[in-house]
Each structure stands twice: as C-alpha cells, then as structure tokens.
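Chemist: The structure is given below, and queries will be raised subsequently.
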Amino acid sequence: MDSLDAEQLSALQKAFDSFDTDSKGFITPETVGVILRMMGVKISEKNLQEVISETDEDGSGELEFEEFVELAAKFLIEEDEEALKAELREAFRVYDRGGNGYITTDVLKEILRELDNRLTEEDLDSIIEEVDEDGSGTLDFNEFMQMMNG
C-alpha cells in the first residue's frame with residue numbers, strides 16, 4: 001500500500017465500501033471487475049481471474065480491502081507510468097525540432113537550465129557526459145527516458 005497516495009487510497013476505500021453493501025469486509029471477484037472498469041482499467045475476464053487468484057492470499061474467493069488495494073495498485077501504478085511516459089514522449093517531440101528522433105546535447109542543456117537555473121556549465125557537462133554514453137552529441141528517446149527516470 002506504500003506505493004499509493006492518500007487520495008488514491010481514499011478513492012479505493014470509497015469504491016470498496018460502496019460495493020461492500022452488507023459491510024462484511026470483502027467484495028466478490030465480479031465486483032472487483034466492475035470497480036476496475038469504472039476506474040478505466042481495461043482487463044479481460046481471464047486476466048482478471050488470474051490477478052484475483054494471485055492476490056486472494058487466504059484463498060477465500062473474495063477480496064478483503066487490503067487484498068483489493070494490492071490488486072488495484074498494480075493497475076494504478078501502471079497507468080501512472082504510462083501517463084508519465086506519454087508526457088515525456090510529448091516533451092521529447094517538442095524539443096526534437098527537426099523530427100529526427102533525437103535531441104542534441106545543446107538542446108538538452110537548454111531543457112536542464114529551464115528545470116534548474118542553478119546548474120553550472122560544469123554540472124551540465126557532467127550530466128551530458130553521463131547520459132550521452134556513446135558520445136554522439138545526441139540523445140534518442142530511450143536515452144532521454146533513462147535520464148528523466150533517474
């Protein structure tokens with residue numbers, strides 16, 4: 001549960017509670033599918049059953065809140081990563097002025113200066129040296145992603 005923020009946990013608790021109408025402390029696998037689909041998760045029935053059986057630690061056939069959160073977290077985190085990748089791809093596209101599939105290290109320096117104006121020229125050169133492993137003077141999208149993801 002560490003990987004979810006308070007807002008996400010609260011939303012999951014509300015969804016769980018609204019489907020646990022008898023306050024029994026668990027929801028059925030069918031309900032899990034409904035909740036995930038309401039959250040915008042696209043999952044086949046087969047994949048849903050596989051994920052539920054992996055998560056249903058006590059083998060009860062139902063999911064307690066903690067199990068439900070563990071299951072939902074997999075999808076929420078995955079979606080966050082996909083959204084981040086899409087945003088980074090768009091940022092890369094904007095800076096790839098020639099549409100060549102790469103940005104120059106000079107453009108990268110501009111980006112880094114915009115992100116942190118306290119970076120010295122030495123700092124920038126050090127960063128460039130680290131991320132431009134092949135010394136080409138350019139970064140393709142994968143190199144850019146590696147740098148942005150730390």
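Cβ coordinates are placed from backbone N, Cα and C, and glycine is handled just like the others.
Sharing the features that Swiss-Prot gives for it:
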MOD_RES   M1  N-acetylmethionine
DOMAIN    7-42  domain 'EF-hand 1'
DOMAIN    43-78  domain 'EF-hand 2'
BINDING   D56, D58, S60, E62, E67  Ca(2+) 1 binding site
DOMAIN    83-118  domain 'EF-hand 3'
DOMAIN    119-150  domain 'EF-hand 4'
BINDING   D132, D134, S136, T138, E143  Ca(2+) 2 binding site
Chemist: Tally of helix, strand and coil residues over the domain 'EF-hand 3' (83-118) according to DSSP?
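Modeler: Secondary-structure breakdown of the domain 'EF-hand 3' (83-118): 24 helix, 3 strand, 9 coil.
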Chemist: Reduce the DSSP letter at E62 (Ca(2+) 1 binding site) to three states and note it down.
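Modeler: Once the DSSP labels are grouped into three classes, E62 (Ca(2+) 1 binding site) ends up as coil.
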Chemist: Which sequence-distant residues neighbour the domain 'EF-hand 4' (119-150)? Criterion: at least 6 residues beyond either end, Cβ under 8 Å.
Modeler: 85, 88-89, 92, 101-105, 108-109, 112-113
Chemist: Among the binding-site residues D132, D134, point out the residue whose Cβ has the most other Cβ atoms within 10 Å, with all shown protein chains included in the count.
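Modeler: Highest number of other Cβ atoms within 10 Å: D132.
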Chemist: Please report how many Å separate the Cα atom of D56 (Ca(2+) 1 binding site) from that of D132 (Ca(2+) 2 binding site), as a whole number.
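Modeler: Cα of D56 (Ca(2+) 1 binding site) to Cα of D132 (Ca(2+) 2 binding site) measures 45 Å after rounding.
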Chemist: Setting D56, D58, S60, E62, E67 aside, what same-chain residues sit with their Cβ within 8 Å of the center of the Cβ atoms that define the Ca(2+) 1 site, listed in sequence order?
Modeler: F26, T55, E57, G59, G61, L63, E64
Chemist: In the domain 'EF-hand 4' (119-150), how many residues does DSSP call helix, how many strand, and how many coil?
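Modeler: With helix first, then strand, then coil, the domain 'EF-hand 4' (119-150) has 19 helix, 3 strand, 10 coil.
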